[in-house]
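For 41-62, 74-95, 102-123, 129-150, 162-181, 212-231, 243-260, the entry in TrEMBL reads transmembrane segment. The annotation domain 'Sulfatase N-terminal' is assigned in TrEMBL to 307-592. Positions annotated as region 'Disordered' by TrEMBL: 644-666. Look at TrEMBL and you will find 655-666 tagged as compositional bias 'Polar residues'.
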Amino acid sequence: MRKRDWRTTDGYYRLMVRLLFRSEKLRAFPSRTIARRIADILGEAAGTLKAATAVIASLFFLFRVERYDPHGGIAFVAGIVASIIIVGWTAGVFIRLRTAQLPMLGFYFLLLVFGAGVDTYNFGYQNLIGSWVVLTGSIFALHLAGSALLEKFPRLRAAFSMIFAAAAGSWVLAVFCYNLRFGVPISSQLSAAVLGTTLFEAREFIAVNFDYSIVVALLIYAFVVLALNFAQYRVNHPPVRPATVVAIAAVALVQLTYFWSPGGLYAATIGYTATYLKQLKALRAIEVARQKALPTIGARKIGSGETYVLVIGEAQDRGHMSLYGYERKTTPWIDDEICGANWVRFTHPYSNYVQTVPALSLALTAANQYNGKSYIASPSILDVAKSAGFRTFWLSNQQGLGRFENPITAIAKAADVYVRINQRVGRENLSDFSDMELVDRFRAMKNQIKTDENNLIVFHLMGSHQDYCRRFPASFARFSKTPASTHIRATGWLDWSATQESRRRQQTDCYDDSVAFTDLVLSKIFSEAKQLPGFRAFVYLPDHAEGIDAGLGHDPQMFTFEMARISLLVWLSDAFENDDPERAAALRDHRDAVWTNDLLYELLLGLTGVEIKNFDPRYDLSSKRYSLNPDSALTLHGGKKVAEDSAGLEAPQRPSFSFCPQSAAR
């Protein structure tokens with residue numbers, strides 16, 4: 001008998017059956033059993049327009065039954081029947097297309113198992129049929145439809161199939177790699193971090209957290225995609241009938257619309273992204289409305305010719321500032337300045353969150369953790385200042401999201417003068433600027449600052465954001481002069497030949513240098529600001545801190561209070577002290593009080609003397625009515641009480657003032 005050519009459709013299928021079912025008993029199983037008859041019926045029915053119409057009608061009817069009595073026994077039975085229909089249809093599609101699409105069916109089966117497994121690890125048991133069977137079936141239907149449209153263009157069809165298959169599971173693979181690297185489940189908070197960063201920052205994060213196990217996972221995934229696509233298009237197979245494609249796509253659409261239950265994995269990644277972009281669109285619309293409504297905000301300011309400067313740092317842990325007792329001299333300038341009578345250092349400030357966008361969304365608006373307001377519907381400090389007649393400036397070394405700028409950028413753009421030195425957003429080294437560039441820009445634009453008007457000038461630094469070794473010029477290095485640290489600055493990658501402890505030391509050395517460089521930048525900004533007539537107050541704080549000692553960055557899923565312990569520094573001019581001694585005294589009285597940076601809005605309004613309706617002085621650190629205490633103070637957007645941080649709430653760190661005369665210690 002002539003040997004069967006395995007490259008033919010029938011021959012290939014029989015070869016696969018032999019590989020999958022080597023048991024003689026299975027091969028000898030009678031072909032006309034009940035199971036085979038059912039399989040034959042499902043295979044014949046699946047993909048026909050008549051069967052598809054019947055399935056769609058049945059599913060729609062069951063959906064209506066569930067909606068009629070969502071919590072009753074009828075709905076439960078309807079759900080079971082719908083699940084049986086979905087599984088039966090899916091099995092029928094598999095049987096019908098087994099000879100023509102077996103490799104691709106195999107790929108989507110693997111995706112179903114892989115996705116369900118990752119979903120279960122991160123979010124617990126999920127409804128397998130309602131989530132992953134429906135989702136992978138719908139993705140396969142879309143893949144099938146695209147391939148059918150390109151049937152006459154074999155090479156283009158093969159390329160489309162490979163790219164589509166690779167993209168279909170990439171988001172699951174990304175989550176799996178995160179789990180593999182950090183050993184913890186994800187949540188929507190991780191998606192918020194990703195959406196709030198840029199391609200440049202993401203590249204640095206990946207470089208710093210590089211792990212060879214991730215490379216292995218990527219190679220395995222690439223091999224599966226390439227191998228199954230090669231198997232699919234290396235074999236001669238008959239095209240799928242257009243009617244079958246239409247039937248499968250129609251049923252998939254109905255299943256996705258009415259019976260899909262998004263699992264936690266989808267909700268925390270793709271679903272959260274869609275919600276985020278929708279929210280950002282709403283924020284932009286509100287920002288436009290705010291600008292039109294500024295005269296109705298009703299803010300008022302008595303006096304003119306005053307200038308206030310706010311500097312927002314990035315990822316700075318006060319535990320790594322010599323100002324707060326750190327053994328390394330990381331803040332030499334402010335260490336000397338703090339001895340002066342005009343400075344106030346606060347001992348117990350905390351961030352309201354441990355990521356930039358969530359933290360500053362509250363810090364810069366009237367919303368906070370205590371009043372329950374939404375930042376989207378709340379005026380920003382720039383809105384209020386402009387309403388009170390201030391001329392506003394925003395200078396940033398932070399980037400947005402490319403086409404989708406983050407909410408902080410949306411707020412910042414309300415400034416009269418907006419300067420972002422990283423114009424090529426997300427283009428790797430083209431956006432790699434030192435914060436000192438902001439000083440040069442500030443010096444160049446000082447002629448735009450009208451000294452007969454009130455001015456609010458905001459700086460947003462890159463500060464100590466990862467990659468720490470690239471936050472300062474190589475010539476500035478004080479602690480990170482080792483070959484390993486030089487390697488990081490040159491390549492953007494850790495020296496993986498070193499031990500884990502050595503790599504962490506590399507990171508700490510670079511982090512401390514980034515803190516010291518921020519101290520230098522602050523000294524330059526302050527020096528330039530002091531030359532302005534009417535310079536009244538200077539405020540510095542970071543958006544959040546960093547879990548640098550534990551090597552945790554600022555991931556909220558691995559939260560430690562080290563990530564929330566920030567610094568807060570205020571300088572008041574002699575004129576301010578003379579004009580408003582009560583407010584200056586209140587600030588000093590509260591220097592050991594607990595404060596969270598979502599109350600920055602109230603502090604700035606208090607310092608600038610801007611009056612507005614519904615202002616609550618209990619949240620104003622410069623008011624004698626300020627009332628926040630460790631028991632009421634919150635962080636992680638209400639997820640943690642500051643009172644839980646026993647280490648951070650120990651007696652104020654007065655030893656750090658040993659370099660000041662006792663009478664001058666602030």
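Quick reminder: no glycine exception, Cβ is built from N, Cα and C everywhere.
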Check: Do any residues of this chain, six or more beyond the ends of the transmembrane segment (41-62), have a C-beta under 8 angstroms from a C-beta of it, and if so which?
Finding: 78-79, 81-82, 85-86, 88-89, 91-93, 95-98, 240-241, 243-244, 246-248, 250-251, 254-255, 258-259
Checklist line | For the domain 'Sulfatase N-terminal' (307-592), the mean pLDDT of the predicted model | finding: 87
Check: Does the transmembrane segment (74-95) reach the transmembrane segment (162-181) with at least 3 CB pairs under 8 A, where each pair is 6 or more residues apart?
Finding: no
Next item on the list: Please check if the transmembrane segment (212-231) comes into contact with the transmembrane segment (129-150), where contact means 3 or more CB pairs closer than 8 Å and the residues in each pair are separated by 6 or more positions.
Entry: no
Checklist line | For the transmembrane segment (129-150): best-contacting stretch of 102-123, 162-181, 243-260, by Cβ pairs under 8 Å | finding: 243-260
